[in-house]
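Report on the structure given below.
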2 protein chains.
Amino acid sequence: MSALQFPEAPSDKKALEEGTAFSPRFDAAGLVTAVVTDAEDGKLLMVAHMNAEALALTLETGIAHYWSRSRNALWKKGETSGNVQTVVEMLTDCDQDSIWLRVKVLGHDATCHTGRRSCFYRTVGLNDGKAVLADDGSRPLFDAGETYRKPV
Amino acid sequence: MSALQFPEAPSDKKALEEGTAFSPRFDAAGLVTAVVTDAEDGKLLMVAHMNAEALALTLETGIAHYWSRSRNALWKKGETSGNVQTVVEMLTDCDQDSIWLRVKVLGHDATCHTGRRSCFYRTVGLNDGKAVLADDGSRPLFDAGETYRKPV
């Protein structure tokens, strides 16, 4: 558990948008959105969520932690795959309900659980009145099946 | 109203992650997260939300539309300020609950309602055991007070 606490967001809009107090606006589920880019070339790697504990641990350790909504658990990214994210810079937005992490990815330099560098590997377009996806050709950088294999 | 419909997300993980059907996974409030970057230099501009209608209109018109959670209304970005976003590319992530828009911003080339180019103008750091914000020095590119002034 981290001892770091975050203050309540101020009701004053000017204080929230122009002030120096970090008062993240967690949603009803206690989460903020986290956008993660590569600090070197700016590539968008993933979108995830953080609760107060994940946010505090990320600030204190310099290693990205998230809240896994599917597993309902604190998630130290890369714990299994080795693809740990070290935080180069953290920013927040005007109304403090989103976090931007600029990171360096260790291990295979891959962020997506499919093995690809980024979770965003498909473009969305219209074809004959239907929205369809096209793969951008990104290849896996590690063997996801092997890495995440559950012990028998 | 747009006529474009999106299919239900498949329960099969492989189809969701590797398929060509665009089946956005809207949350309980009917929204997906949208991350918006400048198509030219990759700068993160804003994080917003889209419902099915905003997503469909964005795809059909090539102009970014969102769902404003604060106003509870469809939001054609830039309608008041002129800072309309034309979509250069739309992508989705592995589990199709986030959208990435690569855009060109018209008008003042500003995205934030404070007048700044990006909503992310403050870094988060630790100082004496407290999380604090530091302004990155971005200056407003238009007069937000004047632009968003309500008619008397």
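Glycine residues also receive a Cβ, built from the backbone N, Cα and C atoms like all the rest.
If you take the C-beta of A:Asp95 (Mg(2+) binding site) and look for same-chain residues 6 or more apart in sequence within under 8 angstroms, you find A:Leu16, A:Glu17, A:Arg25. Positions annotated as Mg(2+) binding site by TrEMBL: A:Asp93, A:Asp95, A:Asp97.
Reduced to three states, the DSSP call for A:Cys119 (Zn(2+) binding site) is coil. The Zn(2+) binding site annotation in TrEMBL covers A:Cys94, A:Cys112, A:Cys119.
Annotation comment: TrEMBL describes A:46-121 as domain 'Phosphoribosyl-AMP cyclohydrolase'.
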Neighbour-count leader, CB within 10 A, binding-site residues: A:Cys94, A:Cys112, A:Cys119: A:Cys119
Fewest-neighbour residue among binding-site residues, criterion Cβ within 10 Å, set A:Asp93, A:Asp97: A:Asp97
A:Cys112 (Zn(2+) binding site) and A:Asp97 (Mg(2+) binding site), Cα-Cα, nearest whole angstrom: 24
Distance from A:Asp93 (Mg(2+) binding site) back to A:Cys112 (Zn(2+) binding site), taken between C-alpha atoms, in Å: 24
Local confidence of the prediction over the domain 'Phosphoribosyl-AMP cyclohydrolase' (A:46-121), expressed as mean pLDDT: 97
